[in-house]
Amino acid sequence: MNSSSSDVNQSSSPFCLLGLGYSYNLNTCVLEVSVILFLTILIISGNLVVIFVFHCAPLLHHHTTSHFIQTMAYADLLVGVSCLVPSLSLLHYLKGLDEELTCKVFVYLVSVLKSVSMASLACISVDRYIAITRPFSYATLVTPCRLRVCIGLIWLYSALIFLPSLFGWGKPGYHGDIFRWCATSWQTDPGFSSFIVAVLYAPATLTVCFTYGSIFLICRQHTRKIIQRLTRFGPQGNERGERGEGCLDKRYAMVLFRITSVFYVLWMPYIVYFLLESAGLYCDLVASFLTTWLAISNSFCNCLIYSLSNSMFRKGLGHLFTSLFSPCLELDCCTEGKKGPLWCHVWRL
């Protein structure tokens, strides 16, 4: 009788991965809820700002990479929205839902969205590589139609590679381990983990390393040739233009490289733990929670790095905040005859 009542109490009580900060008055895991809600607010607000800035700054659309950046912003925004699920679960607002189904669907969706971000970063590196190695044929190789097809394939590919996890083959990640069933009954599978590494992590990482390594090598060689010409023949008009264009390409590549580097720095502990757990070498609930939400925090870091590194984005961000505090001002996105966000036209009325 006592054992059955204790089992009931255990099943009804929250499942705290950190084992600290449990509040008997609130009947919830305070630390887990605080971390998840804090990241959720940051991710949603940060990516909403990025999306609004892109809609309000037409000059940002001159680069084809802006389409991939926006794709990442929408994917990261959906990550933030989906993070409301574990928060509401810990706060006992999802009692009526089936825990196993909720866990599987939540982990699948987050895994797909982060796969979209990883694949988009790889496509951005390929796009910059083509722009620098084939500048004259770039416009014919990278067309708006091909960009849309590429983005569609990214979403389709990401959805397909994690689909086997819904039918019992392995566990794609630890994002849902705040559910008791996810942590205790859903185990990782070495075969499925190797499959994810082979079709997603390894190709994306190798592509990024090769393309950015080649880009910086080409920019370095280009700069060295220009300096040699300047020392021999003195400054010439066309060489100044080439030097400015080369520096601009290198600066823009550096912005994207920072975003990619932070992505892998934040995700590497999660990937390493995922492989160790799958191989049966190491298993710890605290490590799974910390590495998981460290990786998810990248959804906010993307927009933060881009806003700090891109001058055009900073200008668009300034226009956005100006419009928020002075809605009567005429901005580029709110001028007559131009399309703009809905809130611009609402304020105009």
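We number each residue from 1, going along the chain as drawn.
In case you wondered, yes, glycine gets a Cβ from its N, Cα and C as well.
In TrEMBL, annotation is done automatically, which means it is predicted and not curated.
The annotation domain 'G-protein coupled receptors family 1 profile' is assigned in TrEMBL to 46-306.
Residues or ranges marked as transmembrane segment in TrEMBL: 35-60 (among others).
Positions annotated as transmembrane segment by TrEMBL: 72-94 (among others). Sequence-distant contacts of the transmembrane segment (72-94) (same chain, at least 6 residues past either end, Cβ-Cβ under 8 Å): 14, 27-29, 32-33, 36-37, 39-40, 42-44, 46-48, 50-51, 54, 102, 106, 109-110, 113-114, 116-117, 120-121, 175-176, 178-179, 296, 299-300, 302-303.
Tertiary proximity for the transmembrane segment (106-126) is limited to same-chain residues at least six positions away from its ends with a CB under 8 Å from its CB atoms, namely 65, 68-69, 71-72, 75-76, 78-79, 82-83, 85-86, 150-151, 154-155, 157-159, 161-163, 165-166, 171-176, 182, 200-201, 203-204, 207-208, 211-212, 215, 256, 259-260, 263, 267, 295-296, 298-299, 302. Annotation comment: TrEMBL describes 106-126 (among others) as transmembrane segment.
TrEMBL lists 147-167 (among others) with the feature transmembrane segment. Non-local neighbours of the transmembrane segment (147-167) in the same chain are 64, 67-68, 71, 104-105, 107-108, 111-113, 115-116, 119-120, 123, 192, 195-196, 199-200; each lies 6+ residues outside the stretch with a CB under 8 Å from one of its CB atoms.
Beyond the ends of the transmembrane segment (195-219), by six or more residues, the same chain brings 115, 118-119, 121-122, 125-126, 128-129, 132-133, 161-162, 164, 170, 172, 246, 249-250, 253, 257, 260, 264, 271, 275 to within a C-beta distance below 8 angstroms of the stretch. Marked as transmembrane segment by TrEMBL: 195-219 (among others).
Using a Cβ-Cβ cut-off under 8 Å and counting only residues 6 or more beyond its ends in the same chain, the transmembrane segment (255-276) has close neighbours at 65, 114, 117-118, 121, 124-125, 128, 173-174, 188, 193, 197, 201, 205, 208, 212, 282, 287-288, 290-292, 294-295, 297-298, 301-302, 305-306, 309-310. Positions annotated as transmembrane segment by TrEMBL: 255-276 (among others).
Sequence-distant neighbours of the transmembrane segment (288-308) (same chain, 6+ residues past either end, Cβ-Cβ under 8 Å): 17-18, 32, 35-36, 39, 42-43, 46-47, 49-50, 53, 69, 72-73, 76, 79-80, 83, 110, 114, 117, 173-175, 177-178, 183, 255, 258-259, 262-263, 266-267, 269-270, 272-273, 277, 314, 317. Annotation source TrEMBL lists transmembrane segment at 288-308 (among others).
If you average pLDDT over the domain 'G-protein coupled receptors family 1 profile' (46-306) in this model, you get 81.
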